[in-house]
Amino acid sequence: MLLKTSRRTFLKGLTLSGVAGSLGVWSFNARSSLSLPVAASLQGTQFDLTIGETAVNITGSERQAKTINGGLPGPVLRWKEGDTITLKVKNRLNEQTSIHWHGIILPANMDGVPGLSFMGIEPDDTYVYTFKVKQNGTYWYHSHSGLQEQEGVYGAIIIDAREPEPFAYDREHVVMLSDWTDENPHSLLKKLKKQSDYYNFNKPTVGSFFRDVNTRGLSATIADRKMWAEMKMNPTDLADVSGYTYTYLMNGQAPLKNWTGLFRPGEKIRLRFINGSAMTYFDIRIPGLKMTVVAADGQYVNPVTVDEFRIAVAETYDVIVEPQGEAYTIFAQSMDRTGYARGTLATREGLSAAVPPLDPRPLLTMEDMGMGGMGHDMAGMDHSQMGGMDNSGEMMSMDGADLPDSGTSSAPMDHSSMAGMDHSRMAGMPGMQSHPASETDNPLVDMQAMSVSPKLNDPGIGLRNNGRKVLTYADLKSRFEDPDGREPGRTIELHLTGHMEKFAWSFNGIKFSDAAPVLLKYGERLRITLINDTMMTHPIHLHGMWSDLEDENGNFMVRKHTIDVPPGTKRSYRVTADALGRWAYHCHLLYHMEMGMFREVRVEE
């Protein structure tokens, strides 16, 4: 099934993306045979942006995308550190819209989150954003209304530094990755609510069972399958939405359109990678080239040279490469190995290099999920407590409207859950993770990780021991000391929770509509600790303030705006509450945010 899915994804590239890049920051593909709208690169201090609908053809079927200035992605916005900029955003849709400036430090009323920052932009209205640019680097912008981000409302931001940068380069290219579906995103979400593994076509088979028996033995294989079955989970379910429906894009172009970035041999090329996907993690490499990482989430880091790196949804990485040949493939495979985005660095248009095959499909283990050594205990627990619970989820969409009832699947389901087991004895055991009372007997929580750690030096599932040097969070060190300098005065611990079968997501098992705001005192320095009690990886984003990631010993390590939290991990970061107002705090997997993994953070004097 993997080969069929991959081939299908690859063949989608035979048709053209509805939009091409500009001749400025994007490189136009000279082999395009359609007249395509161009996403311009805009720079200065005054910007006019219009959000509307544009016909696109990415897979061979014409669809209506929601676009900014007619482009997918929208225009690259180039600002200068220290400038005050004004952006007039006109809404030509027949629904409310918005733009959030991801990772940008600005006043709360300029942040672009309807219901928190402002009331949103109604049809035919214009909203004027204006703020001073206080940083430099690579960032991006996107809609924060409904599921519009999935439909095309996103683009790149480049902020030129006021002072000389600590590295040299001769040329740059933005490489913006995204995922596109021809389906209506609301229909896609309904399918996930009815059957959370609807898009997972890589489930274990009889053949894989016998392969596991050969490598692990019969008893271990049966015990492993039994545990997964009792938990109503699947070790291949790494991404809720896969290449079965997604086409993976690089600067708006499908794989066979071969987006091309030009260079001259011997030049140092800065590649500004942005993951603007709704749901997809990418593993990126350029066969034949080393990549030197020089910035993460727009902030300078000590240079580290790697062969490959994983980019979580909403993260950005800047790398320097020094190509000497004629053509190199930029290969970005999805974490679940169901497809890829692809482009080329070349000395002229029309060149291409070999495209590597997808890596083998990875499988989650109990250890990955923080369940190491607990398998036999879980296999014998009582899973019956939640069988009669309501499957509606009662979730609220982020624009405040009740989601329609998604119904139930055609087959009756046993809502088994590890959250129903007795953890009272485990809480006092050495190394065992405690959990908030709100998770106990909770119909929105189907598992609890019991043995967690930061895992900062772990490249991640599917990247371990692959023969390549892979970037880890432990490699990332800011080129500056802790900008605040104070030790955190308190710690807020939050658990990332979910119920896979119901496709319900939350913090501490409390859905957004029922959750009280997280209150911060203006000026305080605090620590936020995140514990992942799910089998999914979550990129967590706090608006308006930096997230200063700590190492295992509680020391400042690297400044980011999005923190990746894999299964079975416990990661801490420091926050300075220096921005008054109401701020969004959420998982940046779009459908997880929509289904409840969202909180309001309120900074008050």
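Note that Cβ sites are derived from N, Cα and C of the backbone, with glycine treated the same way.
The Cu cation 3 site recorded in Swiss-Prot includes H144, H586, and the single candidate from H186, H499, H543 that the record places there is H543. Just one of H538, H541, H561 is listed by Swiss-Prot for the same Cu cation 4 site as C587, H592, M597, and that one is H538. Over the repeat '1' (382-389) the predicted model carries a mean pLDDT of 36. Here is what falls inside 10 Å of the CA of H588 (Cu cation 2 binding site) among the binding-site residues H100, H144, H538, H541, H543: H538, H541. According to DSSP, H538 (Cu cation 4 binding site) is assigned to a strand segment. Every protein chain shown contributes to the tally, and the Cβ of H102 (Cu cation 2 binding site) ends up with 26 other Cβ atoms within 10 Å. Compute the center of the Cβ atoms of H102, H142, H588, which mark the site for Cu cation 2; besides them, the chain residues with Cβ within 8 Å of that center are H100, W140, Y141, H144, E149, Y154, G276, V313, A314, H541. Annotation: H541 are the binding-site residues among H142, H144, H541 whose CA atoms are within 10 angstroms of the CA of C587 (Cu cation 4 binding site). Surrounding the centroid of the Cβ atoms of H538, C587, H592, M597, where the record places Cu cation 4, the chain contributes additional residues within 8 Å, namely L496, G498, W505, M536, P539, I540, H586, H588, L589, M593.
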